[in-house]
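Here is the structure we will look at.
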Amino acid sequence: MLRRIASRSSNFVYSYSQTRPFPKPSHLATTTQQQIRQHGDGPGPDAPTIQLTFINPDDSQTTVAARIGETLLQTAHRTGIEIEGACEGVCACSTCHVILDQELYDTLLDETEGGHLGEDEEDMLDMAFGLTHTSRLGCQIHVSEVMEGSVITLPKATRNFYVDGHKPKPH
Amino acid sequence: MARPSLRSFVESRSYSTHDSCTVGKRRLHNSAAVTDSPITHGRRRLRAVVVGSGPSGFYTAKYLTSSVNKRIAADRETATSSSSSSTSSSSWPFSGIDIDILERLPTPYGLVRYGVAPDHPEVKNVENDFAAVPGNTHSRAHGGGTVSYFGNVDVGRHVSLSTLSALYDVVVLAYGCQSDRGLTIPGLDLRGVLTARQFVNWYNGHPEFGYVADIVREALWDRDGNNAGDVDDADNGAISKAKAVVIGNGNVALDCARILAKGRRGLKDTDVPSSVLDVLGDGVEKVVVVGRRGHVQGAFTIKELRELTKLQKEGYDVSFRVRQEELDMGMTEASLQELQLASGRPKMRIDALLREAAATTEEEGEGDHEAPTKTIELRLLMNPIRIESNNNRNNPRVHHVIFERTQLQGEPGKQLSVGTGQYEKISADLVILSVGYKGSPLEGMNENMFDSQRGIVVNNQGKVCGDNNLFVVGWIKRSPTGIIGSNIMDAKETVASIMKYIDSNPQNLLALHEDSDDDLSKGSRGLIRHLEANNVKYVTWDQFLQIDQAERDRDRLRNDVQPREKFLSVDEMLACLQSTC
């Protein structure tokens, strides 16, 4: 299936010799501005909802009612799930990074234009903390019926900031 | 003015040599003053101070408030569920936290205001999130926290670190990096050579960098040094024929190049001060960004690179060039392996982007369609050797930079650039050194607390090493790299260390500040008393909001979309407060 090949999950460790390792840069094909969905007020309290479960960084779980049509970032902010949205949902930072399970990742990817993520989202994910094969930005996912019962994992703080092996000197 | 130095403060405490970096080992030296005060005699609020109001400072204030609130809520829950056996011994001895954020300038947000490129306004949206921190917390019911802002307070000058340490339970250093990583090549002192920190602060309107304007003006518009030339051209919207060289391969280098190339027409809708646009004119004809190593080792991220490739298409009249042969030269066996690593994905995408740009560069060279007037060129594998002058004795200026071609050697992830003996001269009227920022110790800091090699405060997960109540976060904790988002995990780590420290030291904290909440000598009130006694005109949050509003006043703006016209001096900011704007 062509779309699968275009997905990050299967491309993560491809060899350098491939001539076009990533989907054709979309600035040659489409305007990326159209792909950025803005973080507005979102649907009101009357909107139909589905159940989503967030796995928090401390492994606790929170199940919330997400409104169809709002972004995952809006769901999180509305229900008190701790996700930052530093750029306010305009795909200009990577602070609303979430991790999906493979099945949901694939389902959502199939629904995107061209079967791949927007260039801006990919660019921002490159800077995300703890990037995985099934990472997305919460501001770019709109809640829909297909997500009913899904589990969304928030990235964990596991990095030691002494990444280069530096040890504090005793004194 | 006599003020206690941190050294004497620190030396008054006992040190243990073997476990100097464990969290929560605070012992009080002057135990005579400390009676065994019971924890149960009424709860009090914690007092914390954050030095610096950039992203790391604000995220720390935000997470520390929520961590304390959660702790109190959890405690309350346990208390109600076991209310029958009501000994309050298990309950937390604190009823909330009050945090003061100190800032050297009147205005907050650090590098969001003075570092983030003005043509990336969406990145500055985070200011709204930070602005809610002092606002929200005030209105919370009991058990909540307050966050107060004290601008125009220079720690080390207006209030010493040791004073803060005595006034508050917890002191968090979030003051970032105020100096430059050294590059030691001859010619750095020539007129026309700037560090990226100087240039970035200037184009962002930082009050301490107005002097940079003259240096840039000379470089762009008075290249002969006779003052007769084309100085007025800047105002006429001309494009400078000057050549600029930016040394370094990070996002800051790309920001500098983009700002230089875009000029007035490209930046008029941003918050670049009008006086800066007057100097930039309609941009610089040729900007060369030079890196010592290859594109796989570059510190830039793809978004900023992609932006350069799109300048032409977006109407900025700037083409982007990169040389195929330099991309190939950087693709050593080790570089290939670096791309294969799990962390190689971003590099892989950068490689693809640059190869495409290189191909476009070649196509453009062949075609006869009209080329853009301005160019940004990315050069790789070139090590700056020396900066040379125009040999004008009366008015020595930078004239060109000598680079040595390098090649990569070494293991994947540890490749170094090694000279090849081939040299290249690149003309330059302006040289910007963008090889990184560096942190400095705060005045009064014990030398053991600072790692001068790395330019960071020595810490273990945010706890400053030694027997003290100091914590650290942000660039001055982990060295100057990363994006705004990097501060989130960083601040969470430091907050976890603070909570651990509070939990393991409640007696000591209470003993240190055994006073009740009414005590005027501690926390905010103690600070205010100190500042007033020393005649420091601090700026409150509401006053900052006044400054903010005045900067957005329509009469100040050059067009309808310019977000703000910044005040360019501290005096102007303070004057605005007196005239009630």
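Cβ from N, Cα, C; glycine included.
In TrEMBL, annotation is done automatically, which means it is predicted and not curated.
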Q | Further binder of NADP(+) named by TrEMBL next to B:ASN249, B:GLY250, B:ASN251, B:VAL252, B:ARG292, B:ARG293, B:GLY482, taken from the candidates B:GLU304, B:GLU307, B:GLU493 | A | B:GLU304
Q: Determine which of B:SER56, B:SER427, B:SER434, B:SER524 appears in TrEMBL for the same FAD site as B:GLU103, B:LEU111, B:VAL155, B:TRP475, B:GLY482, B:ILE483, B:ILE484.
A: B:SER56
Q: Check each of the binding-site residues B:GLY250, B:VAL252, B:GLU304, B:TRP475, B:ILE483 and report back the ones whose Cβ is under 8 Å from some Cβ of chain A.
A: B:ILE483
**Q.** Whole-number Å value of the largest CA-CA distance among B:SER56, B:GLU103, B:LEU111, B:VAL155, B:TRP475, B:GLY482, B:ILE483, B:ILE484, listed as FAD-binding
**A.** 25
Q. Per DSSP, B:ARG293 (NADP(+) binding site) is which: helix, strand or coil?
A. coil
Q: Grab the NADP(+) binding residues from the record (B:ASN249, B:GLY250, B:ASN251, B:VAL252, B:ARG292, B:ARG293, B:GLU304, B:GLY482) and give me their largest CA-CA distance in Å.
A: 20
Q. Which three-state DSSP class does B:VAL155 (FAD binding site) fall into?
A. strand
(Q) Using only C-alpha positions, which one of B:LEU111, B:VAL155, B:TRP475, B:GLY482 is spatially nearest B:GLY250 (NADP(+) binding site)? These are the binding-site residues in the record. (A) B:GLY482
(Q) Using Cβ atoms only, which residues of the same chain lie under 8 Å from B:ASN251 (NADP(+) binding site) while being at least 6 residues apart in sequence? (A) B:ALA299, B:PHE300, B:THR301, B:GLU304
